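Here's the structure, in C-alpha cells; my notes come after.
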Amino acid sequence: MNLKMFMKLNKLLPSCWRQCSTIPTNPQICIVGGGPAGFYGAQRLVKLMPTATIDIIERLPVPFGLVRYGVAPDHADVKNVISTFTKTAQNPQVNFHGNLCLGRDFTLKDLQDSYHAVLLTYGAEEDRKLNIAGEELRNVISARRFVGWYNGLPADRDLKVDLDVENVVLIGQGNVAVDVARILLSSIEKLKGTDITEYALEQLSRSKVKNVYFVGRRGPLQIACTIKEIREMINLPNVRTIFDKNDFEGVDKIIPNLGRPRRRLTELLNKSAIHGKTTECDKTFNVIFKRTPLEFHGNANVTGVKLGVNTLQGHDVESQKAVLTEVVKELPCDLVLRSIGYKSTQVEPNIPFDFRSGIIVNKNGRIAPGLYCSGWVSTGPVGVILSTMSNAFATSDLIHKDISEKAVNMQEVKPGFEHMLQLAKNKGIQIVSFNDWEKIDREEMKRGKSKGKPREKIVSVTEMLSIAS
C-alpha cells in the first residue's frame with residue numbers, strides 16, 4: 001500500500017467509526033397487545049435476539065388477554081399457559097406496560113418513532129352480526145359478551161342478560177358456543193370452585209334454563225367445534241344431548257375417508273346420535289344442523305327465531321356450502337346467543353385494514369418492513385391457542401429475518417419506551433408494570449381464597465389501578 005492510499009484510508013476511518021457506533025446493538029421492539037399472540041411473540045424474539053429490548057403494551061391494566069377473559073372458568077388446565085407467559089414477562093429483556101391503548105393514548109407514528117419494529121397483536125374484540133330483523137330485541141346478545149360477562153372482562157360486567165328463561169338458542173357451532181352451552185347447563189356446584197365472577201355465579205344459580213338449542217348452518221361433517229369440547233358437553237351430568245338421526249344418514253360410509261381429527265369427531269357425533277343417553281335428565285342440549293336464522297320474533301323481548309332449512313352442496317364433504325331451501329321452521333325461545341365469529345377493528349387510521357375480512361392487510365405477518373401483525377388481528381379468529389403460538393412464532397422469525405438482513409433501518413437509534421413514557425406522563429396516564437399486575441394478582445387470589453375459589457377477578461379498571469399504585 002503506498003503512502004497516498006494509506007493517508008486516504010486514514011481520513012475515512014473516523015467517519016466509519018462514527019457510523020458503526022450509531023448502529024444499535026439492541027433492537028427496540030414493541031408488541032401491542034398482551035394476549036397469547038403478544039406473549040408468544042415476545043417468547044420467540046427473546047430466543048432469536050438476546051440483545052433486543054421488547055416492550056409489551058396492553059390496553060387493560062392486566063395481561064394475558066383471551067387466556068384470562070376468553071377461556072371458560074371450568075377449563076383451568078388451559079390457563080396453565082399463564083405460567084409460561086409469566087416467565088417471559090419476568091425476562092430482563094421484556095417489559096410489560098399496561099393501561100396504554102393504541103389509538104386512544106398514542107398513535108402508530110409514536111410507536112414507529114420509538115421502535116425499530118412494531119408487532120400488532122391486539123386480537124379480535126368485535127363480534128360479527130347476523131344482520132337480520134329482530135336482532136336488536138332484548139335478550140338477543142353476543143356470546144362473546146356473555147363470555148366476557150362471566151369471565152370478568154371490565155367492558156362486559158354490566159351486560160344485561162335475563163336467565164329467568166327455559167329455552168335458549170345458540171347460533172353457531174364453534175368452541176365458544178359449546179363453552180356457553182356448558183356454562184348454562186352445568187350445575188352450580190361444578191362452577192363454584194372456578195374463577196367465574198361472583199355476580200355471574202349468583203345469577204346462574206337462579207337460572208331456569210332447561211333446553212339449549214345448538215344451531216348451525218351446515219351438518220355433522222362440517223361442525224366447527226373440536227372433539228374435546230363436544231365430548232365434554234355430551235358427557236355433562238344431568239344433560240341429555242339430542243341429535244336428529246336423519247342428519248347422520250350415510251355418514252358411517254364417509255367416516256373412513258376423513259382425516260384423523262375430523263374422523264374422530266364425526267365418529268363421536270355419530271355414536272352419540274345412535275346410542276346417546278337413555279336415562280332421564282333435567283336438561284337438554286339439542287344439536288340442530290342445516291339451519292340458517294332468518295328473523296327473530298318478539299315485541300320487546302325475543303320470543304322465537306325463524307330458521308331456514310338448508311341443503312348442502314359440493315363434492316368435498318368437509319367444505320360443502322349451505323344453500324337455503326324454501327322450507328322454514330319456527331323455534332320458540334326467550335334468549336338468543338349469537339356466536340358466529342369475531343372480527344378485529346382498525347384501532348388507528350394509519351393501519352392498513354381489510355374491513356370485509358376484519359383483519360389487518362398483511363403478507364405472512366408483514367405489513368411493511370418494521371411493521372408486523374400476528375394472532376387473530378392477522379389471521380382472523382381461527383384455531384386454538386396452539387395455532388396462535390405457531391403464527392406468533394412465524395411472525396417473530398420474520399421480524400428477526402428483516403432485522404438481520406437489514407430490511408429494517410437499524411442505522412437510527414430509537415428511544416424505545418422512554419419516548420412512550422414521556423407521552424404517557426404528559427397525558428397523566430398511570431402505567432401498570434408487571435410487578436404492579438402481580439399486586440392485582442395477589443389481591444384476586446386473596447379474595448378468591450375466602451370463597452373457596454382460585455381467584456375472584458377484579459372487574460373495575462379504577463380498582464385495578466388503585467391496587468397497582
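Any Cβ shown, glycine's included, is placed from N, Cα and C.
In TrEMBL, annotation is done automatically, which means it is predicted and not curated.
Note that the structure is a prediction, hence the values are computed from the model and not measured.
Of the listed candidates (Leu48, Leu66), TrEMBL assigns Leu66 to the same FAD site as Ala37, Glu58, Leu102, Trp376, Gly383, Val384, Ile385. According to TrEMBL, Gln173, Gly174, Asn175, Val176, Arg217, Arg218, Gly383 bind NADP(+); the candidate from Glu166, Glu229 that the record adds to this site is Glu229. The two recorded residues Trp376 (FAD binding site) and Val176 (NADP(+) binding site) have their Cα atoms spaced 15 Å from each other. Ala37 (FAD binding site) sits 30 Å from Arg218 (NADP(+) binding site), taking the C-alpha atoms as the reference points. For the binding-site residues shown (Ala37, Ile385), fewest C-beta neighbours within 10 angstroms: Ile385. Note on proximity: among Glu58, Leu66, Gly383, Val384, the binding-site residues of the record, the Cα nearest Arg218 (NADP(+) binding site) is that of Gly383. Ranked by Cβ neighbours within 10 A across all protein chains shown, the binding-site residues Leu102, Val176, Val384 are led by Val176.
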